[in-house]
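**Q** What follows is a single structure, and I will ask about it in a moment.
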Amino acid sequence: MMSTYKRATLDEEDLVDSLSESDVYPNHLQVNFRGPRNGQRCWAARTPVEKRLVVLVALLAAALVACLAVLGIQYQTRTPSVCLSEACISVTSSILSSMDPTVDPCQDFFTYACGGWIKANPVPDGHSRWGTFSNLWEHNQAIIKHLLENSTASVSEAERKAQVYYRACMNETRIEELKAKPLMELIEKLGGWNITGPWDKDNFQDTLQVVTSHYHTSPFFSVYVSADSKNSNSNVIQVDQSGLGLPSRDYYLNKTENEKVLTGYLNYMVQLGKLLGGGAEDTIRPQMQQILDFETALANITIPQEKRRDEELIYHKVTAAELQTLAPAINWLPFLNTIFYPVEINESEPIVIYDKEYLSKVSTLINSTDKCLLNNYMIWNLVRKTSSFLDQRFQDADEKFMEVMYGTKKTCLPRWKFCVSDTENTLGFALGPMFVKATFAEDSKNIASEIILEIKKAFEESLSTLKWMDEDTRKSAKEKADAIYNMIGYPNFIMDPKELDKVFNDYTAVPDLYFENAMRFFNFSWRVTADQLRKAPNRDQWSMTPPMVNAYYSPTKNEIVFPAGILQAPFYTRSSPNALNFGGIGVVVGHELTHAFDDQGREYDKDGNLRPWWKNSSVEAFKQQTACMVEQYGNYSVNGEPVNGRHTLGENIADNGGLKAAYRAYQNWVKKNGAEQTLPTLGLTNNQLFFLSFAQVWCSVRTPESSHEGLITDPHSPSRFRVIGSISNSKEFSEHFHCPPGSPMNPHHKCEVW
């Protein structure tokens with residue numbers, strides 16, 4: 001995500017903590033003034049020499065008292081006292097239990113900060129990863145459960161719909177009674193599936209239109225509505241590559257390395273086919289293998305994410321007529337008019353596409369593929385998305401595949417956790433008001449706004465010191481930073497029952513019919529998407545719901561968003577020292593702010609438009625600075641598998657810039673407000689606590705399978721390298737922890753972008 005603040009050394013801090021008031025003036029240093037046994041001598045009886053000596057002694061004593069007073073003031077100013085409040089003792093205990101103080105912080109700061117936490121927190125059953133974010137999300141889940149199960153007369157109609165949805169999910173008796181019937185009826189309604197019975201041979205276009213709009217699936221490609229990157233005040237239809245059942249093309253193309261996953265995926269497909277009435281396995285398996293082979297063909301033409309980072313290069317705006325020429329396998333005008341009905345689409349409709357080559361190749365692939373296989377593949381997309389809403393047999397099949405895919409150990413997780421997560425994913429904004437009222441203090445927005453303001457100021461201070469950026473680009477960058485809009489806690493409309501009900505007016509939840517409610521929501525969410533096409537983008541439309549433990553930056557809106565779910569401990573606690581808050585939520589704020597200037601965000605101007613607003617000299621200098629990080633992170637590995645320094649570049653830039661901005665902001669805060677009290681027993685300065693707080697946010701564990709998946713899909717580096725990658729580039733970290741030059745956490749060569 002420097003000042004006059006005294007950066008006390010570790011030894012000085014320990015000494016101060018060990019002194020009590022009686023120790024400051026030990027008895028053997030006390031001075032007693034005693035007169036003669038016969039009483040004091042009269043002043044008049046003293047000789048002139050004695051009188052002069054007495055006056056001199058008095059003056060010297062007065063001077064000594066003055067000096068002691070000055071030293072006392074300086075002592076109090078420079079030496080923070082120890083915080084012994086209940087909150088400080090509690091947070092100290094938490095910090096200590098997470099640490100492994102036997103590890104040298106200059107050798108391995110992540111293990112120093114998180115070693116205790118990792119030993120005490122193996123990956124829980126039913127999970128493939130666990131960390132600070134997971135812990136807080138479980139806390140939020142428990143709150144949501146209570147709110148959903150305890151309805152009140154004052155809730156809005158939208159909130160009641162969320163409660164109906166949740167209760168239908170919890171009605172396992174009804175779900176078990178229906179078994180696979182809801183999905184089997186849906187497949188029949190769509191014209192059938194050759195895996196389970198007869199199918200309509202002439203309905204390719206119709207099936208594609210229905211599964212795209214009514215059920216929000218994305219076979220072959222994805223279609224959605226979003227702000228036009230080059231005209232951010234307008235929404236536009238956008239089309240992009242899609243259609244893989246596994247998380248990344250790498251799973252299909254690196255067959256030897258991923259043989260276990262591919263076998264598990266095929267077995268999962270066969271099992272679902274059998275559960276849906278597909279008959280004998282020797283009939284189902286060959287057809288499912290064909291679907292898997294088709295997905296492999298899609299993977300072969302899918303562009304890797306690391307080659308799609310330059311948005312100026314991949315952005316193309318075409319008309320519907322031009323798209324028809326580019327990808328003729330789809331009858332685009334009927335397709336678009338059907339899914340966007342009642343909006344009328346003609347041949348001149350602008351459409352943004354992100355990979356011409358992919359769309360051309362997928363069109364060729366469709367034309368050269370048997371219609372039966374195309375139908376099987378499209379219905380498989382629907383089955384894969386909807387089977388989790390069916391009975392326990394489908395849950396068991398899903399868990400078995402998750403064990404292969406992510407290393408998740410099968411467990412009997414409480415049903416309510418599944419239902420809370422699904423309700424939040426589906427109707428998170430509808431239940432948002434309940435969560436906000438229960439957890440979000442009225443002044444939290446103001447406090448968060450103040451922190452954001454401090455981080456922005458610190459970022460702009462760093463911006464002014466950059467040597468690689470020309471002055472014109474620097475001026476424009478400052479204007480962009482000034483223009484970043486803050487969204488905190490929740491979108492305003494959710495707290496107005498009338499506005500909230502208006503948003504969810506067209507969605508109806510039916511008691512006790514879980515599958516039906518989920519299908520209705522897919523259709524509703526697509527209708528909401530289609531409805532945006534002729535409207536301007538709206539800041540109140542968030543990509544994350546209020547309970548989410550996360551944050552994000554939107555380049556087309558030039559805004560940073562912090563849901564209520566993350567504005568809690570351990571990221572922020574009003575009773576904790578600000579060293580911890582700046583190291584927690586401060587770094588999160590700095591991270592999102594820096595995204596406005598990472599390798600993708602920097603391409604958007606202050607108004608959210610994709611255009612070349614940098615001078616060429618600064619673009620080239622930026623590429624040189626970022627090349628350092630690509631190499632640095634590319635040298636890290638997990639279980640012998642390297643981190644992709646190119647794919648993770650944007651997040652690595654944000655991690656480093658966020659830490660730097662938050663540190664500078666904390667120094668500014670101390671300069672303005674004075675040194676804080678320190679925490680007891682740790683023997684750490686507040687500057688050291690800042691870095692420790694940052695690191696402990698990322699304490700986490702993952703299964704080997706999940707680590708592999710993260711390395712090939714996640715744009716973030718693994719947690720360990722988010723910590724050591726950032727602090728090893730921080731000169732201030734090495735100063736505060738006294739790391740020798742050349743030690744692992746203080747390399748001679750450091751990378752810096754912002």
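Every residue gets a Cβ built from N, Cα and C, even glycine.
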**Q** Cys88, Cys106, Cys114: which one closes the disulfide with Cys699 in Swiss-Prot?
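**A** Matching partner in the record: Cys114.
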**Q** Where Swiss-Prot shows His591, His595 binding Zn(2+), which of Glu516, Glu641, Glu651 is named for the same site?
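**A** That Zn(2+) site, as Swiss-Prot gives it, pairs His591, His595 with Glu651.
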**Q** Between Cys106, Cys169, Cys372, Cys628, work out which one Swiss-Prot annotates as bonded to Cys419 by a disulfide.
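**A** Record-based pairing for Cys419: Cys169.
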**Q** Which of these links to Cys106 by a disulfide bond in Swiss-Prot: Cys628, Cys739?
**A** Cys739
**Q** Choose one of Cys67, Cys83: the cysteine that Swiss-Prot connects to Cys88 by a disulfide bond.
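**A** Looking through Cys67, Cys83, the record in Swiss-Prot gives Cys83 as the partner of Cys88.
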**Q** Rounded to a whole number, how many Å is the Cα of Asn523 (N-linked glycosylation site) away from the Cα of Cys169 (disulfide bond)?
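**A** Computed Cα spacing between Asn523 (N-linked glycosylation site) and Cys169 (disulfide bond) is 18 Å.
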**Q** How big is the Cα-to-Cα gap, in Å, between Asn150 (N-linked glycosylation site) and Asn367 (N-linked glycosylation site)?
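**A** For Asn150 (N-linked glycosylation site) versus Asn367 (N-linked glycosylation site), the Cα atoms are 54 Å apart.
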**Q** C-alpha of His595 (Zn(2+) binding site) to C-alpha of Asn635 (N-linked glycosylation site): distance in Å?
**A** 23
**Q** Distance check, please: Cα of Asn367 (N-linked glycosylation site) against Cα of Asn300 (N-linked glycosylation site), rounded to an integer number of angstrom.
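**A** Here the two Cα atoms lie 16 Å apart.
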**Q** For Zn(2+), what surrounds His591, His595, Glu651 with a Cβ no more than 8 Å from their Cβ centroid?
**A** Tyr553, Glu592, Thr594, Asp598, Gly650, Ile653, Ala654, Asp655, Gly657, Gly658
**Q** Could you state the CA-to-CA distance between Cys88 (disulfide bond) and Glu651 (Zn(2+) binding site) to the nearest Å?
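**A** Cys88 (disulfide bond) and Glu651 (Zn(2+) binding site) have their Cα atoms 32 Å apart.
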**Q** For Asn616 (N-linked glycosylation site), what residues in its own chain, 6 or more apart in sequence, show a Cβ-Cβ distance under 8 Å?
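**A** Within the chain, Asn616 (N-linked glycosylation site) has no Cβ neighbours under 8 Å at 6 or more residues' separation.
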**Q** Taking Cα atoms as reference points, which of the recorded positions Asn300, Cys419, Cys699 is nearest to Cys106 (disulfide bond)?
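**A** For Cys106 (disulfide bond), the closest Cα among Asn300, Cys419, Cys699 is found at Cys699.
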**Q** I'd like the Cβ neighbour count for Cys106 (disulfide bond), meaning other Cβ atoms within 10 Å of its Cβ, all protein chains included.
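**A** Looking across every protein chain shown, the total is 18.
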**Q** Grab the pLDDT values for the topological domain 'Extracellular' (74-754) and give me their mean, rounded.
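**A** Overall, the topological domain 'Extracellular' (74-754) comes to a mean pLDDT of 94.
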